[in-house]
């Protein structure tokens with residue numbers, strides 16, 4: 001501003017002699033202005049964002065993660081404003097919509113996502129068609145939330161977002177079923193020569209080599225150490241949990257970018273749970289009994305502490321899948337009082353149905369414990385929508401662990417499995433919910 005003025009003064013009045021005072025004043029003022037400009041530029045640079053070029057706040061907040069790098073802060077159910085969780089690629093279709101509330105819609109055109117024989121990773125305990133199930137209707141039901149829709153599962157998108165990452169499921173056989181379901185949903189998008197699955201004791205690893213990604217399952221039915229930790233030989237009636245000891249298992253969880261926990265079925269042994277104080281190697285074992293809800297909360301609190309100490313919410317995500325219901329008494333939903341899930345071919349239509357085998361007390365513990373976590377833990381609530389699916393269990397159409405007796409053969413419902421689920425089927429929907437929470441929170 002001063003230079004034009006100073007230049008004008010220099011040319012004014014033709015050859016008039018300049019005053020030494022005016023010349024000195026002009027030079028001093030010009031020097032001050034020059035230094036001020038330099039200082040302003042340096043101060044702006046110090047902030048790494050020049051004042052006049054700072055982008056609007058909303059532009060900085062909605063930047064989407066780029067695979068494979070994820071540097072966003074973690075989201076939280078207790079707040080977090082516009083902070084985008086890691087792996088998010090978009091917002092939920094309808095804010096405030098509870099995807100766990102809705103109904104099952106029969107849709108032969110859109111379900112199943114894959115055929116049983118197309119996925120070589122399904123265990124024979126879950127291949128219902130191969131073991132003689134006469135109907136396929138259980139494969140064709142699509143979950144429709146009330147007031148919104150789930151985002152369509154995109155295997156290519158998920159694999160791209162998992163590039164260079166490690167995703168791990170931790171829990172029991174129901175969590176393993178969900179793990180296998182996810183592998184089946186993804187594997188067709190991976191060339192045959194670029195994928196593999198291996199099992200190492202309690203750890204199963206599926207590798208998508210082109211993406212340098214792994215999807216893993218780790219057997220830990222109680223999450224804490226227990227006498228049921230053998231991934232194959234674990235049918236123990238007298239179950240004992242070693243307090244809050246996670247170290248044996250948790251060393252395998254470290255380094256995972258996405259963790260998906262579950263733990264419920266193995267806790268359903270009665271009102272009391274045996275808790276070991278000390279080690280399984282101790283000659284004299286100190287075992288106490290605790291109320292199941294108290295013991296369950298104790299272990300989940302230990303999981304929360306581990307998550308807070310080991311998972312960075314800026315580049316990782318943690319989920320907990322709620323309880324999977326059973327359908328062992330058909331009188332619970334108004335059918336023949338002597339039956340169970342055997343020969344059931346349609347879902348329960350009563351939207352208020354909640355089976356007696358599903359503990360609301362443990363459900364409450366899940367909500368209370370994970371709501372205190374300093375690292376966000378996403379709850380994948382599969383319970384209510386699964387309550388309706390009395391038709392989706394493996395029933396008798398699976399590999400049997402032991403030869404059937406003549407009495408069992410004469411009475412199929414006596415050995416029907418009303419706990420586990422056929423694949424493809426219900427657990428694919430669980431992964432649709434997980435997909436929604438992971439990429440469209």
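The backbone N, Cα and C atoms fix where each Cβ goes, and this holds for glycine too.
According to Swiss-Prot, the feature compositional bias 'Basic residues' maps to 56-73.
Residue 97 (disulfide bond) is surrounded by 16 other CB atoms, counting those within 10 A of its CB over all protein chains shown. Annotation source Swiss-Prot lists disulfide bond at 97-148 (among others).
Cβ neighbour count for residue 184 (disulfide bond): 24 (other Cβ atoms within 10 Å of its Cβ, all protein chains included). Among the features that Swiss-Prot reports, disulfide bond is placed at 119-184 (among others).
On its own chain, residue 422 (disulfide bond) has 126, 127, 128, 129, 133, 138, 139, 392, 393, 394, 397 as residues at least 6 apart in sequence with a Cβ closer than 8 Å to its own Cβ. Residue 422 (disulfide bond) carries neither a helix nor a strand DSSP state and counts as coil. Residues annotated as disulfide bond in Swiss-Prot: 128-422 (among others).
In the three-state DSSP assignment, the secondary structure recorded for residue 341 (disulfide bond) is coil. The annotation disulfide bond is assigned in Swiss-Prot to 341-418 (among others).
For residue 154 (N-linked glycosylation site), the Cβ neighbour count at a 10 Å cut-off comes to 15, with all displayed protein chains included. According to Swiss-Prot, the N-linked glycosylation site annotation covers 154 (among others), on the basis of sequence analysis.
In the three-state DSSP classification, residue 212 (N-linked glycosylation site) falls within coil. Listed in sequence order, 163, 164 are the same-chain residues at least 6 apart in sequence whose CB falls under 8 Å from the CB of residue 212 (N-linked glycosylation site). The annotation N-linked glycosylation site is assigned in Swiss-Prot to 212 (among others) on the grounds of sequence analysis.
What Swiss-Prot lists as N-linked glycosylation site is 343 (among others), and the listing cites sequence analysis. Listed in sequence order, the residues of the same chain lying 6 or more apart from residue 343 (N-linked glycosylation site) and placing their CB within less than 8 Å of its CB are 395, 413.
Marked as N-linked glycosylation site by Swiss-Prot on the basis of sequence analysis: 381 (among others). Non-local neighbourhood of residue 381 (N-linked glycosylation site): 100, 322, 433, each in the same chain, at least six residues away, with C-beta under 8 Å from its C-beta.
Among the features that Swiss-Prot reports, region 'Disordered' is placed at 50-81.
Model confidence over the motif 'DXXH motif' (417-420) is summarised by a mean pLDDT of 98. What Swiss-Prot lists as motif 'DXXH motif' is 417-420.
As annotated by Swiss-Prot, topological domain 'Lumenal' applies to 41-441.
A helical conformation is recorded for residue 184 (disulfide bond) in the three-state DSSP classification. If you take the C-beta of residue 341 (disulfide bond) and look for same-chain residues 6 or more apart in sequence within under 8 angstroms, you find 327, 328, 330, 390, 391, 393, 395, 416, 418. The shortest Cα-Cα distance between residue 184 (disulfide bond) and any of the recorded positions 97, 148, 154 is the one to 154. Sequence-distant contacts of the motif 'DXXH motif' (417-420) (same chain, six or more residues past either end, CB-CB distance under 8 Å): 125-126, 173-174, 177, 265, 324, 326-328, 340-342, 393-396, 398. With a cut-off of 8 Å between CB atoms and residues at least 6 apart in sequence, the same chain places 180, 183, 184, 187, 423, 424 near residue 119 (disulfide bond), listed in sequence order. If you take the Cα of residue 154 (N-linked glycosylation site) and the Cα of residue 148 (disulfide bond), they are about 18 angstrom apart, rounded to a whole number.
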